[in-house]
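One structure below.
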Amino acid sequence: MEFCVLFGGASFEHEISIVSAIALKEVLKDRIKHFIFLDENHHFYLIEASNMHSKYFAQIKEKKLPPLILAHNGLLKNSFLGTKIIELPLVINLVHGGDGEDGKLASLLEFYRIAFIGPRIEASVLSYNKYLTKLYAKDLGVKTLDYVLLNEKNRANALDLIKFNFPFIVKPSNAGSSLGVNVVKEEKELVYALDSAFEYSKEVLIEPFIQGVKEYNLAGCKIKTDFCFSYIEEPNKQEFLDFKQKYLDFSRNKAPKANLSNALEEQLKENFKKLYNDLFSGAIIRCDFFVIENEVYLNEINPIPGSLAHYLFDDFKTTLENLAQSLPKTPKIQVKNSYLLQIQKNK
């Protein structure tokens, strides 16, 4: 089976998406037929596999690449001989952050009837916004940490609104990869933390910070009626897993497997199933959980995890191919014009 990797995008996580695509190339190798790069101006470009390395993208603004146009079933490429269509195999949406995870690309791919692996529109909207994720989890009976939601209008009253003690963690509501996230240990650190978070999002979440809390990450997908899980990761971290630890540490190829009881493993998987539901059909997602006093709490849903969390799966290629055979289908609307014909007939 062949794939096409779509990466880049106009978001703060643009470079992270490039790193993910390069990593996935090493895993899937010749199964990837095309690499499609989406730049910050929303232009699509075809990238040769031999150019999928960091040095090339560090200088990509100096390259003169012919832009492509997204169309039904593929991409259009203009040439001296006319317009040529590049037919796309199954697309892997690997655009992190805005564009890829907020629903824009999902709607575009669905509109042009291009088959893809990744979250659909509703799943993207709910998981990209951390506040909406909390509401979604609560409705499903999945616990989350207490929180305060701030915007520019009420940020001046932050200390009055926060009902829990220092330290607490400040994070943008609409951003991933630990961008704009800071731990606040005393009042004088709050202004900087808020300024940093509001750079990435119009809304900011504040949660209690629990030193040394147990954190477990679980990736997976639903293939027909059965769930396929990765092994459960227990991240090695300092206070929290920051941007550098996630994306600039190339010393690890495999994540540390968690040592936990069968009962706790089952709890994590049951919570994952509730969250995945049918909403995330067609996607490999990663749920990050906290365990506090033997209770499982959702930290966040990552709808497009870095490199699709391939490092957590014992057989990632098989998982991906099986998921490709179990994608949600959009019903085709049959337009018959029966009402218009009846109106015309009655004239």
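Quick reminder: no glycine exception, Cβ is built from N, Cα and C everywhere.
Straight from Swiss-Prot, the features:
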- 161-216: ATP binding site (BINDING)
- Asp288, Glu300: Mg(2+) 1 binding site (BINDING)
- Glu300, Asn302: Mg(2+) 2 binding site (BINDING)
- 134-332: domain 'ATP-grasp' (DOMAIN)
Between Asp288 (Mg(2+) 1 binding site) and Ser196 (ATP binding site): CA-CA distance (Å): 23
When distances run from the Cα of Glu189 (ATP binding site) to each of the binding-site residues Asp288, Glu300, Asn302, the nearest one: Glu300
Three-state secondary structure, which DSSP defines for Asn302 (Mg(2+) 2 binding site): strand
Cα-Cα distance linking Glu300 (Mg(2+) 1 binding site) and Ile210 (ATP binding site), given in Å to the nearest integer: 15
Which of Asn182, Ser196, all binding-site residues, has a Cβ with the fewest other Cβ atoms inside 10 Å: Ser196
For Asp288 (Mg(2+) 1 binding site), the one of Phe168, Ala175, Asn182, Glu203, Asn302 that lies nearest, given that the binding-site residues are compared by Cα: Asn302
Those binding-site residues listed as Ala175, Glu189, and which of them has the most Cβ atoms within 10 Å of its own Cβ: Ala175
Number of other Cβ atoms within 10 Å of the Cβ of Phe168 (ATP binding site) across all protein chains: 22
Other C-beta atoms that fall within 10 angstroms of the C-beta of Asn302 (Mg(2+) 2 binding site): 20
Which same-chain residues, if any, lie at least 6 apart from Glu203 (ATP binding site) yet have Cβ under 8 Å of it: Asn129, Tyr131, Leu149, Leu150, Asn151, Pro172, Ser173, Asn174
Assigned conformation of Ser196 (ATP binding site) - DSSP reduced to three states: helix
Asn302 (Mg(2+) 2 binding site) and Phe168 (ATP binding site), Cα-Cα, nearest whole angstrom: 22
Chain-internal residues near Leu161 (ATP binding site), provided their CB is under 8 angstroms and they sit 6+ positions away: Val148, Leu150, Asn154
For Ile210 (ATP binding site), the number of other Cβ atoms found within 10 Å of its own Cβ: 15
